[in-house]
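Engineer: Following this message is one structure expressed as structure tokens.
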């Protein structure tokens with residue numbers, strides 16, 4: 001009996017050993033089956049969606065995640081938990097692996113995990129399309145990117161170029177147009193706003209500076225975020241910030257609040273250029289990219305023309321205003337500020353109908369979302385071309401395994417602002433790390449060279465484009481001063497002045513018992529004169545001064561002759577009653593000078609149209625570097641003609657010439673920046689370079705305008721040297737014509 005029992009026990013143990021070996025081989029076979037199902041490009045596991053012949057014999061576990069030979073075995077007793085106790089010495093797993101989280105140690109089973117299917121839906125682990133940190137070498141990631149770039153280019157060619165790209169072209173063009181408008185808004189409203197807000201010269205300078213400062217911050221901020229959160233989402237947010245604060249700035253009354261609103265408006269629009277060019281380029285095949293990105297640049301010009309035309313049409317109409325007491329005034333220049341927010345608002349509405357960049361989806365492991373967008377591009381273009389029957393044949397697309405560590409905060413962890421703070425810090429760290437990677441050994445030389453090109457181009461371009469109008473105003477002032485009439489030693493008694501005096505100098509005059517009622521004084525100076533028993537009522541003045549004058553028994557009623565207009569003058573027994581309210585500063589207001597600002601800006605922006613057309617047609621034929629260097633050399637040569645600009649018309653002509661030849665270099669620089677950096681760094685690098693561009697613009701404007709009225713040699717020398725240096729640096733960059741988008 002005992003011998004039979006021992007035989008039976010030995011038989012049971014042998015059967016268990018056989019069953020155990022069978023299950024091990026079954027698990028290996030299932031893994032091999034899943035490897036066949038796994039997409040060659042996306043490395044996603046489709047075990048939940050596709051059936052194989054092996055599944056009937058070897059059903060997969062419920063969670064569907066396999067890690068090589070480390071598959072789970074059922075416990076012999078069946079009562080223990082597989083997650084905690086269901087393993088033996090030969091087939092060891094740990095609890096986290098059962099939940100889909102890979103082991104931390106490398107080697108053995110870890111090698112299978114490095115090449116295996118990415119994890120999906122894992123809390124606290126890696127997102128879909130991501131590999132374990134450090135599990136894939138940089139060489140493998142580079143190889144994956146090259147494969148993705150080649151496949152993505154092939155897919156774009158299959159999708160074709162048609163209605164979808166042209167629709168996106170006009171949508172993104174509105175966003176770029178909003179950036180062009182923003183640059184001109186402050187300059188156009190200053191002649192009118194300076195009186196309403198009582199702006200001193202330092203206040204006006206700060207207002208012009210704050211716009212560039214906001215755009216500099218916005219370019220870096222939104223450019224970095226767009227590589228992490230998506231092009232479309234960040235562009236929508238940035239345009240929303242711009243439109244909201246541009247709207248507020250048209251209603252606020254104080255200088256401080258207006259300055260704050262324009263700062264945040266600039267921060268919002270700063271993300272437009274780096275995101276728009278990156279976004280559009282990722283829908284363009286290689287043979288179309290250079291040309292159509294250059295066509296897109298035309299909308300920046302349209303923005304400048306729109307701003308100049310609206311300023312010309314709106315600001316001089318003083319009837320387009322209302323006033324609520326003396327505290328709230330809404331003049332025509334505020335209507336202009338409001339109208340300038342329209343391109344941004346329209347861009348937001350149109351952008352909501354467009355999809356996210358499929359290249360961004362693929363870079364972040366979102367295969368299905370990218371496939372849907374590319375199918376939309378294909379179907380839209382095929383229907384427009386009359387081929388609705390054509391089917392999008394792509395089934396699998398390569399995705400990049402991410403190495404960034406993701407952080408997920410449970411809903412019961414701390415307060416809501418603590419969770420948001422942790423997420424913000426995590427996102428900020430990722431953005432900063434991505435920015436620093438632009439200076440890695442692989443990209444350091446390109447980044448430093450591009451910094452030099454962007455800085456020199458911006459320094460010379462913005463410096464000269466602001467210097468031109470200032471020089472025109474200086475020439476106007478010189479011509480105006482040459483027509484000044486001088487009245488020496490006049491004696492006037494018992495006369496009533498009720499008309500306008502303009503551009504006059506009265507020296508050594510004597511005025512006895514005269515009345516100045518309803519008088520308008522513009523650029524009038526009284527020097528060494530005597531006023532006795534005179535009466536001033538309802539007098540308005542601009543650029544008017546009394547120097548070394550004496551007033552005896554004189555009354556001033558309802559005038560704007562404030563104390564600072566009396567220079568070294570004596571007032572004896574004189575009275576000021578009910579001085580005019582408003583700004584006590586001497587401002588020029590609107591007039592012929594303001595019209596000239598609009599006109600010059602209109603011509604200057606319109607003059608770049610021929611250069612835009614030429615650069616778009618030749619960009620893919622002669623290459624980016626030749627276009628950039630050639631345009632820079634022509635711009636450098638055009639600077640030497642500035643020495644012949646001794647009249648107003650000559651300076652306007654030279655401004656148009658410089659703008660027309662320099663725009664091609666900007667178009668080439670935008671295309672080159674897009675193509676030199678990979679998709680995961682594209683908007684980050686573009687945003688940083690654009691921020692550097694705004695810094696160089698501030699320096700160029702400050703330096704160039706300081707020489708107005710002193711010499712023209714210094715601006716010519718600085719601009720020529722900067723352009724020559726930029727063109728020489730550009731020739732050392734790699735040519736990107738004919739290359740697929742990284």
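Numbers run from 1 along the shown chain.
Including glycine, each Cβ sits where the backbone N, Cα and C put it.
These numbers come from a predicted model, not from an experiment.
So Swiss-Prot lists these for the protein:
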COMPBIAS  40-49  compositional bias 'Basic and acidic residues'
REGION    40-145  region 'Disordered'
MOD_RES   80  phosphoserine
MOD_RES   81  phosphoserine
MOD_RES   84  phosphothreonine
COMPBIAS  122-137  compositional bias 'Gly residues'
MOD_RES   127  phosphoserine
TOPO_DOM  191-205  topological domain 'Extracellular'
TOPO_DOM  255-262  topological domain 'Extracellular'
TOPO_DOM  316-334  topological domain 'Extracellular'
MOD_RES   393  phosphoserine
TOPO_DOM  469-598  topological domain 'Extracellular'
CARBOHYD  498  N-linked glycosylation site
CARBOHYD  548  N-linked glycosylation site
CARBOHYD  573  N-linked glycosylation site
CARBOHYD  573  N-linked glycosylation site
TOPO_DOM  648-651  topological domain 'Extracellular'
TOPO_DOM  709-712  topological domain 'Extracellular'
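Can you walk me through where each of these features ends up in the structure?
Structural biologist: Restricting the average to the topological domain 'Extracellular' (191-205) gives a pLDDT of 78.
Residues 185-186, 193, 197-199, 203, 206-207, 210-211, 214, 245-246, 248-249 of the same chain, all 6+ positions outside the topological domain 'Extracellular' (255-262), place their C-beta atoms under 8 angstroms from a C-beta of that stretch.
Taking all protein chains in view, 8 other C-beta atoms sit within 10 angstroms of the C-beta of residue 393 (phosphoserine).
Residue 498 (N-linked glycosylation site) carries neither a helix nor a strand DSSP state and counts as coil.
Residue environment of residue 548 (N-linked glycosylation site) contains 15 other Cβ atoms, counted within 10 Å of its Cβ in all protein chains. Look at residue 548 (N-linked glycosylation site): DSSP puts it in coil.
A simple way to gauge crowding: the CB of residue 573 (N-linked glycosylation site) has 8 other CB atoms within 10 angstroms, across all the protein chains here.
Annotation note: residue 573 (N-linked glycosylation site) sits in a coil segment as assigned by DSSP.
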Engineer: So for residue 498 (N-linked glycosylation site), how many other CB atoms are inside 10 Å of its CB?
Structural biologist: 12
Engineer: Run through the topological domain 'Extracellular' (469-598) and tell me, per DSSP, how many residues are helix, strand and coil.
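Structural biologist: Across the topological domain 'Extracellular' (469-598), DSSP assigns the residues as follows: 24 helix, 57 strand, 49 coil.
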Engineer: Between residue 393 (phosphoserine) and residue 498 (N-linked glycosylation site), what is the CA-CA distance rounded to a whole number of Å?
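Structural biologist: Cα-Cα, rounded: 84 Å.
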Engineer: Give the residue counts of the topological domain 'Extracellular' (648-651) per reduced DSSP state, in the order helix, strand, coil.
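Structural biologist: Breakdown, helix to coil: 4 helix, 0 strand, 0 coil.
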